[in-house]
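J.: Straight from TrEMBL, here's the annotation block:
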COMPBIAS  A:16-25  compositional bias 'Basic and acidic residues'
REGION    A:1-25  region 'Disordered'
TRANSMEM  A:52-72  transmembrane segment
TRANSMEM  A:78-102  transmembrane segment
TRANSMEM  A:129-153  transmembrane segment
TRANSMEM  A:165-188  transmembrane segment
TRANSMEM  A:195-216  transmembrane segment
TRANSMEM  A:248-268  transmembrane segment
Amino acid sequence: MSTGTSAGETPAPEAPSHRTALDLGDPERRIPLGRLVGVELRKTADTRAGRWLLGIIVGITAAIMVVFFLIADADDRLFGNFIGVAATPQGFVLPVLGILLVTSEWGQRTAMVTFALEPSRTRVIGAKVIAALIWGLGAFVAAIVIAAVVTLLGGAADGFAGLDVSVFVLFLGLQLLTILQGLAYGLIFLNTPAAIVTFFVAPVASQLIFNLVPALRDPAPWLDLATAQQALFTSFGPGGAGLSGEEYAQLGTTALIWIVLPFVAGWIRVMRAELK
Amino acid sequence: MITVERLTKTYGGFRAVDDVSFTAQPGRVTGFLGPNGAGKTTTMRVMVGLTPPTAGTVTINGRGYHDIPNPGRQVGVLLDASAQHAGRTGREILTVGAKTMGLPLARVDEMLAMVSLSDTESGRRLRNYSLGMKQRLGIAHALLGDPSVLILDEPANGLDPAGIRWMRSLLKGYADRGGTVLLSSHLLHEVELIADEMILIGNGTIVAQGDKASLMAMDGNVSVLASSLDDQALAAALTQRGFSVSPEAQGLRVACAPEEVGRAALEAGVVLTELRSGAAGLEDLFLELTASTQREGNIERTEGAQA
C-alpha cells in the first residue's frame, strides 16, 4: 500500500461519484503490469474478429497436420514432422495477431481510452509484447497437443522416437520472433492494412533483390531475414548439423535489422504519437 | 481540482491553445465553452496526457496526469464516446475498464444501472448503439473508478432533451458531493443551465470567465426594451428626463434602468404593455466575444494564421 509519496502532495478529495458498497481498492496503488497483460489478452479475444483469428490459428494448425497425415508415408508420420509442418502456416497468422494487437487500438481509437487509464505508454507496449508472446506460446502448445494427438491416433509406430528438444526450441523461437516482428510493424504503421502488407511484401521484395543483384548475394545472409533463417531449416531436422557461429551471428544481424530496429522505431513513434 | 497554468500548444505556426490559465474547482461544474476549433478538445487532451503541451502545465488534484498511479480512480475521462471498439459489447467495454483499474466486476453492473442501460442493451455491440447510448456508456466508463474529477468533452452531444436533463442532474449531484466537473460544449444553452462557472474560449485564448452573473455584468450597456399604448408620448417623457431613446422592433430601447421607464410612464400617464431588460444575453455575449474566431466572415485571418 502506498501512502502519499511526497510531503507537498495534495490528498485526493473524497470520491463524490455514486456511493457504492463495493470495495474498489486503493486508488493510490499503481496498476500492476500483470493486470495490464491480462487486459491485453482479454482484448484480443473479446471481439468476434479476435476470436476468429485465434480460432483460425488453431484450425489451420490442425488442418495442415491432417493434410500432412494424409499425404505423408506412414514412416514419416512422426511427432517432430507434424510440428514442423505447422511452422509455416502459424508463421503467417501469428504476426497478424501481433499487428492487430497494436493497430486495432488505433483503427478503433481505443488507444485514447487505454492511455487515459495507463498514461505510461511504455508499460502499455510492454504489456502488449508480453501478451503477444503468451499467444505465441499458446499457439506452440496447441501445435504440440494437436501433433501429439495425431501421432497417437495414426502416427508411425515409433512416432515419438528420436525427439530433439532443440527443434522445439527453434520452432518456438521462430514463432515468437515473427509475432514480435508483426507487433513492430504494427507500432510503426499504426494501421492494419499497411502493417500487414509491409509485413508480407517487404521480406519477399528483399529476398528478390538479394537474389537478383549479384553484388548483394554475398552479404545476403547478413542482411536478408529469409536467407539467414534458411540455415535454420536446413541445419536442424533429420541429419542437420546445427548452426555454426557465423550462422548464429547472421541470424542476429538480420533479427536486428528486421525485428529489433523496426520495433524501436515503432516504439518511438507511439511514444510521440498524438492521439486524436 | 483542475489547474491549468499558462498552457500553450502549437502545431507548426498555428497556436491551437495560447497561454490558457484557469481552474476548475471542486464542488462546481465548470463549463468550457467555445466554437468548434477554439482549442477546447486540445486543452482537454493535454490534461489527460494524450497530447504533450508546448508550454505550461496542467495538474489534477495537485499532480500531473502521468504522476497519478491509477488515473481512472482519480479522473473520469470522456473525450469521445465513439472511441471504443465497435465490436465490443457495452458491458465488455466497461469490463475492460474495470479490469484495468482493478475494480470488482459488480461495479460494472452498478454503473450500467446508473446510466440506465438494460441487460439487453449492454449485451449489444457498440456499433449498434445510438449516439445517445454511446454517451451514456461513456459517462458510465468515466465514473467507473469512482473518480473525484470528471473531464467530459461534449457529453451532451447526441442526447435527447430527457437525456440532457438526466445528465444535468447527474453532474449537479456529483458536484454537490464535492466532485470537480469540467465539461465542454459549443452550445451555450447546454452549459448555461448546468455550469456554475463558465470559461469562454475562442481562437485558443480565454476571452472571458466567471459565473453567469459576472459574465452578464460584462455587458456594460444597461438598456431596457419598453413598449406601451403610446410610444411617442413615452419617448418624449424619457427624452425629457435625459435618457437616450431609440425605436426598436415594436417598442423602444432606452438606455436606463427599468424603474426609470416605469416612473416616466406613470408621470406621462402612458400604459406600459411590456418592460424588460434589453441586455444582450449570454448568447450575444458569447458570439461577440468569440466573433473573431467564428469561421463565418473570417476566412482570410484563419488562413493567415495557418500559413
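Just so you know, glycine gets a Cβ as well, placed from its N, Cα and C.
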J.: Please report, as numbers and ranges, the same-chain residues at least 6 past the borders of the transmembrane segment (A:165-188) whose CB is under 8 Å from any CB of it.
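T.: For the transmembrane segment (A:165-188), the sequence-distant neighbours (Cβ-Cβ under 8 Å, at least 6 residues beyond its ends) are 80, 83-84, 87, 90-91, 94-103, 125, 128-129, 132-133, 135-137, 139-140, 143-144, 195-196, 198-199, 229, 232, 236-237, 242, 255, 258-259, 262-263, 265-267, 269-270.
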J.: The transmembrane segment (A:195-216) vs the transmembrane segment (A:78-102): three or more C-beta pairs under 8 Å (separation of 6 or more)?
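T.: Counting Cβ pairs under 8 Å, at least 3, so yes.
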J.: Is the transmembrane segment (A:248-268) packed against any residues at least 6 beyond its ends, judged by a Cβ distance under 8 Å, and which are they?
T.: 102, 122, 125, 177, 180-181, 183-188, 203, 221-225, 227-229, 231-232
